[in-house]
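TrEMBL has this to say about the protein:
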type	residues	note
DOMAIN	52-511	domain 'Aldehyde dehydrogenase'
ACT_SITE	288	active site
ACT_SITE	322	active site
């Protein structure tokens, strides 16, 4: 079963590039690219059993800079054979890694964290180079990603079992928590470092080993992070990285009885296929899938706070996050004021390559992403919506897109019913609190939601009524390593981060000791 076909690499359309301006790399970008390729953390091969290897058939795939279209590097185009070897390597390493004390695993993770932070600048530059987000934002991702390694280095020492009062005098009952085993971790391109550490951190902390499949669009950050894990002394085979043929790699992970868990961040469509595929071997599954986040602005909200928070929730990473505000639902009493103030703020967003000072929005990841945004906007306009700002490709060319605001959006439009994953802010109008809740919950997704209000009672009522795994109140950036991250409905299963996140990688074992009265 080819379960990961949706994850196959989307190439930038040749016909489009032939007629589109290619922006030249900035001096800062050229300098960073040249310097990174000389860095000891710059790796372009897969990692299996502690060794850097090419694809067995020597096939490669290009990694492009989305800002310029230039080729950064070529990496192995791996498949079934390489993945099976990575699984075997992880299985062999599990036997020793899981038997280390929690304190020993904690020390390895702490060293890994220290090395990530010591190489923060280069990792940030690498993220910007292959993913496109502004350097300041990329450095923030390094901090965020590293925080999971630090947190779970500490949490490794706090995996406790239980003693259960026995029902019979000659029995002793207790509960152990043990690592689930080999984990297959499939990660997306929009956070090429943090989505790996958020999964690998807790897995390693409790004694699991991993096979990581990063996105073929952004594998270099994953490989650099894995190199730092080796430098930290984490034993060979504990972390393995394969990339290339997404469907074959995914099928191999699903088919293997040695892989005991799949953890995935990505689209709902692919998540459903993984869930179905995992049923064949009854694997545990954690899924962090797509969203359709509502951002509700009530009449009593502080306008400045609402604009600032909505701007952050919508346009971070050029709108390419699963928790981005996908629908801005504004009460009619503040609608016009909000739209005017929000438009002014969006108009000031500087677009460009991520190495240029002052840039806050980079390119979309590829041409397919641009085509999706345009399709959504055309659908909305054909049904009566109005483009208040933007609505077209940026003059920079390539996959740069103008920050866009669309008004008079209705629930039947694609912009309101599906995840746009781009720099487009649809604004909808509502009258009552009940209507806002009904509009917000009218979706199959249930990952993140945001509300802006100064009414404490309303904060509680609405937060409890929203069918979402995360709710931000008067704040647009809510993710943190110490809080559980995950959705409800078709936005996924399980939680990542926090003390709850480590439970996803643990099995609970009950042990009964009998005949305890014998002398």
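Yeah, the Cβs are placed from backbone N, Cα and C, and that goes for glycine too.
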Ask   = Could you give the Cα-Cα distance between residue 322 (active site) and residue 288 (active site), in whole Å?
value = 9
Note = One finds that other Cβ atoms within 10 Å of the Cβ of residue 288 (active site) number exactly 28
Note = For residue 322 (active site), the number of neighbouring Cβ atoms whose distance to its own Cβ is within 10 Å equals 28
